[in-house]
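Right, one structure below, let's go through it.
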Amino acid sequence: MADGNTRFTVDEALVAMGFGKFQIYVLAYAGMGWVAEAMEMMLLSFVGPAVQSLWNLSARQESLITSVVFAGMLIGAYSWGIVSDKHGRRKGFIITAVVTFVAGFLSAFSPNYMWLIILRCLVGLGLGGGPVLASWYLEFIPAPSRGTWMVVFSAFWTVGTIFEASLAWLVMPRLGWRWLLAFSSVPSSLLLLFYRWTSESPRYLILQGRKAEALAILEKIARMNKTQLPPGVLSSELETELEENKNIPTENTHLLKAGESGEAVAVSKIVLKADKEPGFSLLALLSPTLMKRTLLLWVVFFGNAFAYYGVVLLTTELNNSHNRCYPTEKQLRNSNDVNYRDVFIASFAEFPGLLISAAMVDRLGRKASMASMLFTCCIFLLPLLSHQSPFITTVLLFGGRICISAAFTVVYIYAPEIYPTAVRTTGVGVGSSVGRIGGILCPLVAVGLVHGCHQTIAVLLFEVVILVSGICVCLFPFETSGRDLTDSISASKEPPSASV
């Protein structure tokens, strides 16, 4: 047995064991959840127009079908984040899988518009648990390869969007939208089927003082990866910090830099309370230690969601509006198959987006990757301020989707990294909730304004939101590439030399 004074943290254990068979299983499970969410989101591009013609809905009623999903996600992302920080990651994502599958399957039997709205809102409530799965997966990944493997995880979203576009192309013309809804709920059921083989996050367990359980899971990882744990005793990051600082009462008491004593005691109580009781984690997100990164992240999540789903909806809406808003032009759209083709082609834009983010995320860092992609997306959308041909429109939206999907991929890597384990899923969940507000407003612009032949105003709004998001990325306090994840809020202060 190693010297009892030798200690190792979860991060050190994960680095020592490397990325192996255990992480592949975790990736497959979390990836299936990401496929499920992507499919449920992408089908909105097809179901809305289908029920609009079936039930004679107005443009506002059609856009509401998408907006209520985001409204449900707004509530769900916050709620499931709190649940998973308080009761564990596994309990958080199993509840969301049940809600998503049941509501998604039942929505195929909606007898009228109101029932469809209610059930799709419940689907959104379940889909709000997506950040819990992402955080759970992240907490098993060794720091040196975290960026690359998070991009691989994001590839499952791309697989889901392409699979949904293919499924819609095959199912909609023959069987209709109800069958599409039923088939799209299948991936969520697989999460229920394989749930019993999942493991709780060792980071969460050790933060709760359940060291024996955390150690058992780390030993399981070592066995499956055919490696060994570091010598010594498993220790939490907070214990290590307190041990190192036990002879420095000023910093240990205040948990803040010198000169902030006026509010130090109050803040330290919030921080320590959040470390022990996740119910206080929302308050901790707005403490001086985390406030700047939290507010900036909210803006970036809003902008990414608003732009991403906007580009998805514009792929069908802009080309459909050409004949309506420019009646003197040659009628180019003769069948609904063209819409399926456009969405199918546009979905493939996410593959180069993934490749770009994979190439940039560890080399250039998270911040530079996000900012460059957001600003480039602005350039692609700029010509759409005026009317373009359907071909040029599709090409520009293809380029815009490459960029915004790359930016969205990186923000889902960066967001969990800037928060400690004590508030990670709450922080990402609340940020994702703010992003859902962007999703709620997005159809009002991409569908409502475009239907009203206000393409210039719609595209201008997207340009402004994306530009502001890019600026906020530049203002993030530090880079996370290659850094260890922190567990306690008190250990998550900005590094002395934050990279820009």
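Every residue, even glycine, has its Cβ placed from backbone N, Cα and C.
Swiss-Prot annotations:
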- 1-23: topological domain 'Cytoplasmic' (TOPO_DOM)
- 24-44: transmembrane segment (TRANSMEM)
- 45-62: topological domain 'Extracellular' (TOPO_DOM)
- Asn56: N-linked glycosylation site (CARBOHYD)
- 63-83: transmembrane segment (TRANSMEM)
- 84-97: topological domain 'Cytoplasmic' (TOPO_DOM)
- 98-118: transmembrane segment (TRANSMEM)
- 121-141: transmembrane segment (TRANSMEM)
- Tyr137, Leu138, Glu139, Phe140, Ile141, Pro142, Ala143, Pro144: ATP binding site (BINDING)
- 142-150: topological domain 'Cytoplasmic' (TOPO_DOM)
- 151-171: transmembrane segment (TRANSMEM)
- 175-195: transmembrane segment (TRANSMEM)
- 196-293: topological domain 'Cytoplasmic' (TOPO_DOM)
- 294-314: transmembrane segment (TRANSMEM)
- 315-341: topological domain 'Extracellular' (TOPO_DOM)
- Asn319: N-linked glycosylation site (CARBOHYD)
- 342-362: transmembrane segment (TRANSMEM)
- 363-367: topological domain 'Cytoplasmic' (TOPO_DOM)
- 368-387: transmembrane segment (TRANSMEM)
- 388-401: topological domain 'Extracellular' (TOPO_DOM)
- 402-422: transmembrane segment (TRANSMEM)
- 423-429: topological domain 'Cytoplasmic' (TOPO_DOM)
- 430-450: transmembrane segment (TRANSMEM)
- 451-456: topological domain 'Extracellular' (TOPO_DOM)
- 457-477: transmembrane segment (TRANSMEM)
- 478-500: topological domain 'Cytoplasmic' (TOPO_DOM)
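Of the binding-site residues Pro142, Pro144, Pro142 has the largest number of other Cβ atoms within 10 Å of its own Cβ. Between the alpha carbons (Cα) of Ala143 (ATP binding site) and Asn56 (N-linked glycosylation site) lies a span of roughly 53 Å. The transmembrane segment (402-422) shares the most Cβ pairs under 8 Å with 342-362, out of the stretches 24-44, 63-83, 294-314, 342-362, 368-387. Summarising the environment of Phe140 (ATP binding site), the number of other Cβ atoms within 10 Å of its Cβ, over all protein chains shown, is 23. Cα spacing between Ile141 (ATP binding site) and Asn56 (N-linked glycosylation site): 49 Å, rounded to the nearest whole number. Within the chain, the topological domain 'Cytoplasmic' (142-150) has long-range Cβ neighbours (under 8 A, six or more residues past its boundaries) at 11, 14-15, 17-19, 23, 27, 358, 361-362, 366, 409, 412-413, 417, 481-485.
At the 8 Å Cβ threshold, with sequence separation of at least 6, the transmembrane segment (294-314) comes into contact with the transmembrane segment (457-477) through 3 or more pairs. When each of the binding-site residues Leu138, Ile141, Ala143 is scored by how many other Cβ atoms sit within 10 Å of its Cβ, Ala143 comes out lowest. Taken residue by residue, the topological domain 'Cytoplasmic' (142-150) breaks down under DSSP into 8 helix, 0 strand, 1 coil.
Beyond its flanks by at least six residues, the transmembrane segment (24-44) meets 65-66, 69, 93, 97, 100, 104, 123, 127, 130, 133-134, 136-137, 140, 149, 152-161, 163-165, 167-168, 180-181, 184-185, 187-188, 190-191, 194, 197-199, 224, 309, 312-313, 343, 347 of its own chain at Cβ-Cβ distances under 8 Å. Asn56 (N-linked glycosylation site) sits 54 Å from Pro144 (ATP binding site), taking the C-alpha atoms as the reference points.
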